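As recorded in TrEMBL, the features of this protein are as follows:
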BINDING   17, 18, 19, 20, 21, 22, 23, 24, 43, 132  ATP binding site
ACT_SITE  108  active site, nucleophile
SITE      133  site 'Interaction with tRNA'
ACT_SITE  204  active site, cysteine persulfide intermediate
DOMAIN    213-280  domain 'tRNA-specific 2-thiouridylase MnmA-like central'
DOMAIN    290-364  domain 'tRNA-specific 2-thiouridylase MnmA-like C-terminal'
SITE      348  site 'Interaction with tRNA'
Ligand SMILES: Nc1ncnc2c1ncn2[C@@H]1O[C@H](COP(=O)(O)OP(=O)(O)OP(=O)(O)O)[C@@H](O)[C@H]1O
């Protein structure tokens, strides 16, 4: 008599987001090897093809198609340009306009890859979706956790922190268990068209273009003064949106009398007066914060916030884990760091971790200076 448990369950149908890059190509291949019924989906999320080298959508689609043909899976295409514009790009522009420095890739993951794409894939009859992100999923006590990717150089959990556990539960991340060189080796072994393709950089779907020129098309530049912390006007800026706290290049300051040779850095932005405040030295005390306030926090799974939590945080992608305490009170979320943090930037995201588990995160509203004397 056959053991019912040994009957092979009906193959689960997975739709992989095929970007025309090596990570999603290898993801599709691995899922086929694991016995899933696999199909691909290429999304176009940016309408304008300005014929420049920045618009790679046509080439990317051709690469995705070549890989799907090679491994014998069907490729669907979808256009989410309207959703991208309404739910990602407009917010991104509004943040820039307000003088902040947003991260559109986080919103793109939440609104496009794990919403529009996921809904579309389910409508096509998929049981699950998959992406080539370097993160892992762990199912525990009836919920799905988001874990850092095993390759510490590639971990992308920072960008996925605003995706909910319910969406994570419906997603497979085949390359999250691997290191990038292993992924390339698999692509080469199977002679995939994308094996040697460069990793994508630049903003998701908008590509790698000269950012200030790109922004200029959408937002009028508002020139203003550059001041020192003592209020001396020492130059002009072309628009606060082109500058990021902690940034050195492009200030056009130099040769000032009695100023010495130390390079100048952006210390803060006075949005009300449209003034850029600068100071000399990479370690200028104004650049350091002991704590920050965050808004719009998204938790991957609900968290018990009744007391302070000892966690780690990153205030930018590629930053090491910083020990901190999370407090939740009437003023919102406050993250207090054990050691001073450089260039904590409003508009960027703070992402919180408990070991390898990415808990979620939010947008940095403001930073508390380190030098205020409130610390020990
Ligand atoms: N145009 C697209 N269509 C479908 N899925 C996409 C598209 N762009 C990105 N994705 C999905 O999101 C994942 C992460 O995208 P990201 O832009 O970070 O690329 P990446 O890490 O360089 O991966 P890849 O090598 O697959 O391009 C991709 O692996 C893919 O699954």
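Cβ atoms are placed via backbone N, Cα and C, with glycine included.
Annotated features, which come from TrEMBL, shown on the structure.
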{"residue": "17", "record": "ATP binding site", "contacts (Cβ under 8 Å, 6+ apart)": "24, 40, 41, 43, 113, 117, 129, 130, 131, 132"}
{"residue": "19", "record": "ATP binding site", "contacts (Cβ under 8 Å, 6+ apart)": "42, 60, 64, 132, 200"}
{"residue": "21", "record": "ATP binding site", "contacts (Cβ under 8 Å, 6+ apart)": "60, 63, 132, 194, 197, 199, 200"}
{"residue": "23", "record": "ATP binding site", "contacts (Cβ under 8 Å, 6+ apart)": "132, 133, 134, 175, 183"}
{"residue": "348", "record": "site 'Interaction with tRNA'", "contacts (Cβ under 8 Å, 6+ apart)": "101, 102, 103, 315, 316, 363, 364"}
>> Tell me the coarse DSSP state (helix, strand, coil) of residue 43 (ATP binding site).
In response: strand
> If you check the recorded positions 17, 19, 43, 348 one by one, which have a CB less than 6 Å away from any atom of ligand 1?
Replying inline: 17, 19, 43
> Averaged over the whole of the domain 'tRNA-specific 2-thiouridylase MnmA-like central' (213-280), what is the pLDDT?
Replying inline: 84
> How would DSSP class residue 133 (site 'Interaction with tRNA') in three states?
Replying inline: coil
> For residue 23 (ATP binding site), what is the secondary structure state per DSSP, taken as helix, strand or coil?
Replying inline: helix
> Should residue 108 (active site, nucleophile) be counted as helix, strand, or coil on the basis of DSSP?
Replying inline: helix
> Any idea what DSSP makes of residue 17 (ATP binding site), helix, strand or coil?
Replying inline: strand
>> For a quick check of packing: other C-beta atoms within 10 Å of the C-beta of residue 108 (active site, nucleophile), how many?
In response: 23
